[in-house]
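*Asks:* My questions all concern the structure below.
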Amino acid sequence: MGVMGELGNPIDILLNRVRGHQRAPSDSKEFHEVTKRDAQRVLEDDIEKLLETCEEDRKATVRSEMMRFSNLFGRFLAEDGPSVDWNHIEKLPEDAVQDYNSLQTPDEERIRDELNKLVVIKLNGGLGTSMGCHGPKSVIPVRSDLTFLDLTVQQIEHLNKKYNSNVPLVLMNSFNTDEDTEKVVRKYKGFQVKIYTFNQSCFPRVSRESLLPIAKTFNVKDDMEAWYPPGHGDFYESFANSGLLRKFIDEGRVYCFLSNIDNLGATVDLNILNRLIGGGGEKPIEFVMEVTDKTRADVKGGTLIQYENKLRLLEIAQVPKEHVDDFKSVKTFKFFNTNNIWAKLDAIERVLKENTLNMEIIVNNKTLDTGLRVIQLETAVGAAMKCFEGIGINVPRSRFLPVKKTSDLMLVMSNLYNLRHGSLVMSPQRMFPTTPLVKLGENHFAKVKEFLGRFANIPDIIELDHLTVSGDVTFGRGVSLRGTVIIIANHGDRIDIPAGAILENKIVSGNMRILDH
């Protein structure tokens, strides 16, 4: 007789077994197993009810998406403990990470041919809410009134014009960004760049208490809080389902270059593309993860490890608590993942057909404004590395310029960088290639509008090493910051840095106001 056939309820089963003086551990295990099976079945029933609210013409697409969600949920239930046994992590083999400086630059006549084998994909699912902006993050102005998307289009158009190539740009949107992005994309019609868009999946948030979807209907726009885009690991299946993967293979495209739209350093690199294709006489590669040297600012970033004879991405979420300090060590793990990924299109198709895309699940716990605690199950695009034959390439830090906070925005808006054909290039006046460490107070600088209101213009930071600003601080026009500068306005105080001020290795605190008279 099956377990559920005994009494039907996991708690009854457990009590019955305990009365029979069975050992507790096996009961506890069986209890969990039954509860898990039950949770999966109830969730699937709930999704079936939800599907009844879906419009007929969308039902087939949505059903296939929900099957993927159900599969992810089943894997989440089945997982027992960390996905990595810490003691089985092996040392990276010598050839696992190639140095960028060892790559060959392709001959001029090869470049056009190699570019015509490429598709550029930008992850465009994020909103600018963390920086106080509405709509897609990609439409936040970052430099000379140009947005992330403007700069990306400029970069690719410049490539296409310079080499007479035809590199397309693909945007992976989410249900949060697709409508606004489609409106913006129209303005690029006259540019020498063909732009395609597709949407990543839309999965239901699950209550932490009941393990059931909190959505009541499939009308996502009526209840945005009940749904989420399941991380960029969803790229592979959504890209294939959109029909674009097959379309590009049929066109003779061979590789894609994928990166976050807010990483302004992630430009098309001809040397990496040449290495992928095997231009230097080396064997072509299926998958490249760009990594860069870890600094103290990057200790939480994912890293490359060798595990079970495969290169794979290790994220902090997968690390057992007692090894988190080891994970953060710059000595033990020298590199971190920039999330700039290059992959062979037919290899993506193969992995999907073989159903071997088994990426680690990231459990993202959230509390909604209503106080309801929910779970989002996500995956990371780099976690697919173990499914391919790949290498890491250790790239210069200049290929990792993400804008996650206003402190990052300050760097990219400053005179530290010059703008060339949509690409940010560090100023030759900077004596050393590292970027300054900038920390701006959360209470006064976190939102873009407030941040911009505190600077008459962005200070000269060519010679800056470290800046910390906290409290009610404003900057006049033409301020110059050099070395280490710390400015702290205590609660109730205000500091106005006067126009033209030069602060070099200074600590400013207390109350300093410039008054008109």
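Just so it is clear, glycine is given a Cβ too, placed from its N, Cα and C backbone atoms.
Straight from TrEMBL, here's the annotation block:
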- Lys137, Gln200, Gly231, Asp262, Lys404: UTP binding site (BINDING)
- His232: substrate binding site (BINDING)
*Asks:* Looking at the binding-site residues Gln200, Asp262, Lys404, whose Cα is closest in space to that of His232 (substrate binding site)?
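*Replies:* Answer for the nearest of the binding-site residues: Gln200.
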*Asks:* How many neighbouring Cβ atoms, not counting its own, are there within 10 Å of the Cβ of Gly231 (UTP binding site)?
*Replies:* 23
*Asks:* Count the Cβ atoms, other than its own, that fall within 10 Å of the Cβ of Lys404 (UTP binding site), considering every protein chain shown.
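*Replies:* Its Cβ shell of radius 10 Å holds 14 other Cβ atoms.
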*Asks:* In Å, how long is the longest CA to CA span across Lys137, Gln200, Gly231, Asp262, Lys404, which the record gives as the UTP binders?
*Replies:* 21
